[in-house]
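These features come from Swiss-Prot:
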type     : residues                                                               : note
MOD_RES  : Lys5                                                                   : N6-acetyllysine
MOD_RES  : Lys71                                                                  : N6-acetyllysine
MOD_RES  : Lys89                                                                  : N6-acetyllysine
BINDING  : His158, Glu167, Glu293, Asp318, Ser370, His371, Arg372, Ser373, Lys394 : substrate binding site
MOD_RES  : Lys202                                                                 : N6-acetyllysine
ACT_SITE : Glu210                                                                 : active site, proton donor
MOD_RES  : Lys228                                                                 : N6-(2-hydroxyisobutyryl)lysine
MOD_RES  : Lys228                                                                 : N6-succinyllysine
BINDING  : Asp245, Glu293, Asp318                                                 : Mg(2+) 2 binding site
MOD_RES  : Ser254                                                                 : phosphoserine
MOD_RES  : Lys281                                                                 : N6-(2-hydroxyisobutyryl)lysine
MOD_RES  : Lys281                                                                 : N6-acetyllysine
MOD_RES  : Lys285                                                                 : N6-acetyllysine
MOD_RES  : Lys335                                                                 : N6-acetyllysine
MOD_RES  : Lys343                                                                 : N6-acetyllysine
ACT_SITE : Lys343                                                                 : active site, proton acceptor
Amino acid sequence: MSILKIHAREIFDSRGNPTVEVDLFTSKGLFRAAVPSGASTGIYEALELRDNDKTRYMGKGVSKAVEHINKTIAPALVSKKLNVTEQEKIDKLMIEMDGTENKSKFGANAILGVSLAVCKAGAVEKGVPLYRHIADLAGNSEVILPVPAFNVINGGSHAGNKLAMQEFMILPVGAANFREAMRIGAEVYHNLKNVIKEKYGKDATNVGDEGGFAPNILENKEGLELLKTAIGKAGYTDKVVIGMDVAASEFFRSGKYDLDFKSPDDPSRYISPDQLADLYKSFIKDYPVVSIEDPFDQDDWGAWQKFTASAGIQVVGDDLTVTNPKRIAKAVNEKSCNCLLLKVNRIGSVTESLQACKLAQANGWGVMVSHRSGETEDTFIADLVVGLCTGQIKTGAPCRSERLAKYNQLLRIEEELGSKAKFAGRNFRNPLAK
């Protein structure tokens, strides 16, 4: 069924910034998608087009991206009479019309909004759930429920505290199914809230952009200690492991790293990549840390390679790879990491997201699907993670509706699959392994 009409508008994300929403109409109805936005943006990612009109929304308006959809992309797609199940053809057409390497003409936020809406319409056209349509597009016969990685302590660019490292996550790998993983996550979260309140006072339980707590601690080890205590108090020491997103590019300073980057600058406290690697290894030794994302700067290739070879855990590339097939191929060649963080808006289309995922999986990597810090009520990534069988998703703490929207959709998918539902559990790094 071809597209009858496409209409885009400015809506608001969870930080009160404008973002793009797309309504796509076929004879089967209306299909709506909204685009997320990140706080820490990699320099190699597809361009999110903002108006830069300082008199409006501090320059963050997206009326140009909206206009590109309404005036250029929409008429082209409607006139071509393409079937909404032809995801790759439609995405390719938009990318060719844009004609730039990083989607800077229309904006990745324009192309992605349409791409997501097309995917949702394609599922209904085929009469299958969205996760099944995505599995078909990716060539997967199975679907798998992921382990959720709940970001429960926030630091870095996401929080107003002194903590350098951006995310401290809990992964309930010992759960029997996704519903139990949610329960464990929620119970640990509430225990953590009490632990933080007792130790730092009630105002320390205010939440950050992704629903995690942002207590004013400086030592990253203290963050891990709080998690360990909360997991123990909840009674899940044998079922929960820890993940971190360091976002080290945010505190990379002339070849070194500043773990107190939110204080006045003082080069004498910078540490070398090797010292930082040793710090991570002490975390791995003393705590159940099984996954570290962006441990080094996006161009500190040597440090990545050395760490991945010796750490023995999941090393996730986000700023390093920005979901870009060229960067992924380089990281595969250099053995820089062993897991891809998949963010649809970093590459800017459904087709390219699927290609990036397949490329990573074909090279033996894990893949973790991710939200952005500026989110909407859109739940596309919940279906995406199930259809791509990646086995792991991070979409914030079990708090704030834009985060829960994704987790609740995963609960519904598990319920719909019934006895056929498979949960990644402890195999979250390679859930398709027999």
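Counting starts with 1 at the first residue shown.
Glycine residues also receive a Cβ, built from the backbone N, Cα and C atoms like all the rest.
Positions of the features from Swiss-Prot, shown on the structure.
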{"residue": "Lys5", "record": "N6-acetyllysine", "CB count, 10 Å": "12"}
{"residue": "Lys89", "record": "N6-acetyllysine", "CB count, 10 Å": "13"}
{"residue": "Lys202", "record": "N6-acetyllysine", "CB count, 10 Å": "10"}
{"residue": "Lys228", "record": "N6-(2-hydroxyisobutyryl)lysine", "CB count, 10 Å": "17"}
{"residue": "Ser254", "record": "phosphoserine", "CB count, 10 Å": "7"}
{"residue": "Lys281", "record": "N6-(2-hydroxyisobutyryl)lysine", "CB count, 10 Å": "16"}
{"residue": "Lys285", "record": "N6-acetyllysine", "CB count, 10 Å": "8"}
{"residue": "Lys335", "record": "N6-acetyllysine", "CB count, 10 Å": "14"}
{"residue": "Lys343", "record": "N6-acetyllysine", "CB count, 10 Å": "23"}
{"residue": "Ser370", "record": "substrate binding site", "CB count, 10 Å": "28"}
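Other residues of the same chain near the substrate site, with their Cβ within 8 Å of the Cβ centroid of His158, Glu167, Glu293, Asp318, Ser370, His371, Arg372, Ser373, Lys394, are Gly38, Asn151, Gln166, Glu210, Asp245, Leu341, Lys343. In this structure, the CA atom of Lys335 (N6-acetyllysine) is 15 Å away from the CA atom of Asp318 (Mg(2+) 2 binding site). Reduced to three states, the DSSP call for Lys285 (N6-acetyllysine) is helix.
Under the three-state DSSP scheme, Arg372 (substrate binding site) falls in the coil class. For the recorded site, Lys5 (N6-acetyllysine), the DSSP three-state label reads strand.
Highlighted in sequence order, Gln166, Glu167, Met244, Val246, Ala247, Ile292, Asp294, Val316, Gly317, Asp319, Leu341, Ser370 have their Cβ within 8 Å of the centre of the Cβ atoms of Asp245, Glu293, Asp318, the residues recorded for Mg(2+) 2, and are not part of that set. When the binding-site residues His158, Lys394 are compared by the number of other C-beta atoms lying within 10 angstroms of their own C-beta, His158 comes out lowest.
Asp245 (Mg(2+) 2 binding site) falls within a strand when secondary structure is assigned with DSSP. Largest Cα to Cα distance within the recorded substrate binders His158, Glu167, Glu293, Asp318, Ser370, His371, Arg372, Ser373, Lys394: about 16 Å as a whole number. The 10 Å shell around the Cβ of Glu210 (active site, proton donor) contains 30 further Cβ atoms across the protein chains shown. Separating the Cα atoms of Asp318 (Mg(2+) 2 binding site) and Ser370 (substrate binding site) is a whole-number distance of 10 Å.
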